[in-house]
Ligand SMILES: Nc1nc2c(c(=O)[nH]1)N[C@@H](CN(C=O)c1ccc(C(=O)N[C@@H](CCC(=O)O)C(=O)O)cc1)CN2
């Protein structure tokens with residue numbers, strides 16, 4: 001058996017095509033959706049992701065603005081940039097690219113974002129709304145990677161309701177919010193959130209119908225950890241330099257042999273990453289649509 005590939009590039013491209021129509025409709029009402037990014041330092045991964053976000057915006061018709069601060073920026077510099085973004089009339093939504101360089105308090109910075117401009121859904125107010133399960137008028141942006149994972153599963157008709165989900169990793173951008181999302185009414189999965197101190201991780205993973213690996217440990221998840229037919233999402237990424245070619249390459253958390261046991265498998269790269277970017281665009285468009293209703 002070879003797993004069905006959960007193709008993030010194709011799915012993200014479908015989503016972008018749908019968003020283009022909604023953006024055209026917004027523009028016809030005089031609403032131009034916009035996104036700003038704040039990047040501090042020159043982490044190669046973050047630079048790639050931010051560049052990709054601006055490319056995506058241009059592709060679908062979202063205005064975008066890029067604020068880059070040097071690695072030497074102080075926390076006061078970052079706070080000042082956030083303050084400017086909060087008060088800018090042109091900027092309706094923005095993100096702070098994570099991780100921030102060592103020495104900056106990420107949670108403190110995220111807390112300074114105006115929650116109504118939080119395109120990433122990572123401000124405590126928006127995470128709190130996810131905890132509360134608030135929908136409808138007060139619907140707030142969902143963190144992009146968890147939203148992308150659920151959307152990818154949905155578009156491939158992978159059942160979620162009543163399924164056992166094991167999430168490996170409890171980070172802010174993936175594991176923690178994903179546990180909340182999967183247990184929301186309507187999705188109704190049973191979630192086990194595992195981490196570095198989990199006893200018998202392999203045993204936990206073996207029970208799962210859906211496995212999400214988001215730790216950044218290359219090939220941690222082995223084929224004999226996987227229940228035959230389970231859906232496996234490979235999210236964590238490690239940049240390694242090939243000792244032979246000297247070129248950098250990306251390695252996911254899931255061992256390639258998992259493809260012979262799983263029912264569905266998201267590759268890494270080209271799986272959840274492009275979905276993360278598509279969900280950011282979706283958050284920006286939803287916010288613009290809500291501004292029209294307000
Ligand atoms: N403010 C945020 N910071 C971070 C988030 C986030 O959602 N908000 N998530 C990750 C990084 N991330 C988005 O910012 C992200 C990760 C991966 C990809 C992606 O498309 N990856 C490609 C490979 C790209 C490459 O060559 O490196 C893929 O998987 O095919 C996009 C966005 C942490 N920070």
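Heads up, the Cβ atoms here are built off N, Cα and C, so glycines get one too.
Around the Cβ of residue 170 (NADP(+) binding site), the same chain contributes 176, 193, 194, 195, each under 8 angstroms and 6 or more positions distant in sequence. Under DSSP, residue 170 (NADP(+) binding site) is assigned to coil, being neither helix nor strand in the three-state scheme. As annotated by TrEMBL, NADP(+) binding site applies to 169, 170, 171, 237.
The helix, strand and coil residue counts that DSSP assigns across the domain 'Tetrahydrofolate dehydrogenase/cyclohydrolase catalytic' (6-120) are 61 helix, 18 strand, 36 coil. Annotation source TrEMBL lists domain 'Tetrahydrofolate dehydrogenase/cyclohydrolase catalytic' at 6-120.
What TrEMBL records for 143-291 is domain 'Tetrahydrofolate dehydrogenase/cyclohydrolase NAD(P)-binding'.
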The domain 'Tetrahydrofolate dehydrogenase/cyclohydrolase NAD(P)-binding' (143-291) - residue tally per DSSP class, helix then strand then coil: 54 helix, 33 strand, 62 coil
Site extent for NADP(+) (largest Cα pair distance over 169, 170, 171, 237, Å): 15
Number of other Cβ atoms within 10 Å of the Cβ of residue 169 (NADP(+) binding site) across all protein chains: 23
Of 169, 170, 171, 237, binding-site residues neighbouring ligand 1, Cβ under 6 A: none
List of residues, in chain order, with Cβ under 8 A from that of residue 237 (NADP(+) binding site) and at least 6 apart: 45, 216, 250, 251, 252, 253, 268, 269, 273
Neighbourhood of residue 171 (NADP(+) binding site), C-beta criterion under 8 angstroms, separation at least six: 214
